[in-house]
Amino acid sequence: MSAAPPTTTANSALWCIVPAAGRSARFGGEIPKQYLSLAGESLLLRTLERLATHAQIAGLVVVLAADDRHWPGINILHGKPVLTAIGGGERADSVLAGLLVLPTDVTSGHFILVHDAARPCLRHDDLSRLIAQAGAGDGGLLACPVRDTLKRATPDQHVMQTESRAALWRALTPQMFRRGALSAALQKASTEHIAVTDEAMAMELVGIRPLLVEGSEDNIKVTTPADLRLAEFLLQRA
Ligand SMILES: Nc1ccn([C@@H]2O[C@H](COP(=O)(O)OP(=O)(O)OP(=O)(O)O)[C@@H](O)[C@H]2O)c(=O)n1
Ligand SMILES: C[C@](O)(CO)[C@H](O)COP(=O)(O)O
């Protein structure tokens, strides 16, 4: 895919789509995890605050579940506009819904960011590094090199074999791609019934090699109750 000339420089302000329409199945409980309290604010608001207080964020699109009863109706946060969209059954559906509500001055060639609502500990310097480095090419993502030994399990949870961790990275978010290219790639994956677990995977399927930008290990995704306790510790430590 011949990349359009970058229309986002390291000094441009970018819109960020925040998928927050998940069902929190692995977390459990009655309230979707994005609305659980995290050091006095909801997990979702913590994440939105991290994004809205970064100088290079122009605005936010929060993607909500169709039956979300908890969204507080925010439409501006730290002077940044906050739009909403209704998500779908899969993450990719939710990101596509968010792409559709971006302002029209965010052109096809503009870079946009996608950041999990479930990642409230994003560091501003990591975001700045992603924008600067991924904005010079076809986009990229924050990620961490795998540092633990990896085991493939048998069905009865014994070690089948040790996997090489050479050149393996754990994908984080934000992930950053041009609006048009990301929309087309997600649409293609959906049309071909390919389940993509992150935006980079959709871009890979159309031949893009996203840049891996090393991010902080503490940019954790809150998936289980233990993660929420860890996120609370990390936020109060800062
Ligand atoms: N259909 C979906 C699925 C996930 N997400 C969002 O994508 C992020 C990462 O997903 P994950 O941590 O897996 O959240 P859930 O899908 O809610 O968790 P689970 O898989 O345990 O249900 C979350 O902010 C979640 O709200 C979304 O917007 N739409
Ligand atoms: C996007 C992501 O956070 C990168 O690691 C991850 O793929 C989300 O997966 P989930 O199963 O939707 O939490």
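Just so it is clear, glycine is given a Cβ too, placed from its N, Cα and C backbone atoms.
Bear in mind that TrEMBL entries carry predicted annotations, made automatically and left uncurated.
Around Arg26 (site 'Transition state stabilizer'), the C-beta neighbours below 8 angstroms that are at least 6 residues distant in the chain are Thr223, Thr224. The site 'Transition state stabilizer' annotation in TrEMBL covers Arg26 (among others).
The Cβ neighbour count for Lys33 (site 'Transition state stabilizer'), using a 10 Å radius and every protein chain shown, is 26. The site 'Transition state stabilizer' annotation in TrEMBL covers Lys33 (among others).
Arg165 (site 'Positions MEP for the nucleophilic attack') falls outside any helix or strand according to DSSP and counts as coil. Non-local contacts of Arg165 (site 'Positions MEP for the nucleophilic attack') by the CB criterion (under 8 A, 6+ apart in sequence, same chain) comprise Val146, Arg147, Asp148, Thr149, Leu150. For Arg165 (among others), the entry in TrEMBL reads site 'Positions MEP for the nucleophilic attack'.
Annotation source TrEMBL lists site 'Positions MEP for the nucleophilic attack' at Lys221 (among others). Around Lys221 (site 'Positions MEP for the nucleophilic attack'), the C-beta neighbours below 8 angstroms that are at least 6 residues distant in the chain are Asp116, Ala118, Arg119, Leu172, Thr173, Asp227. A coil conformation is recorded for Lys221 (site 'Positions MEP for the nucleophilic attack') in the three-state DSSP classification, outside any helix or strand.
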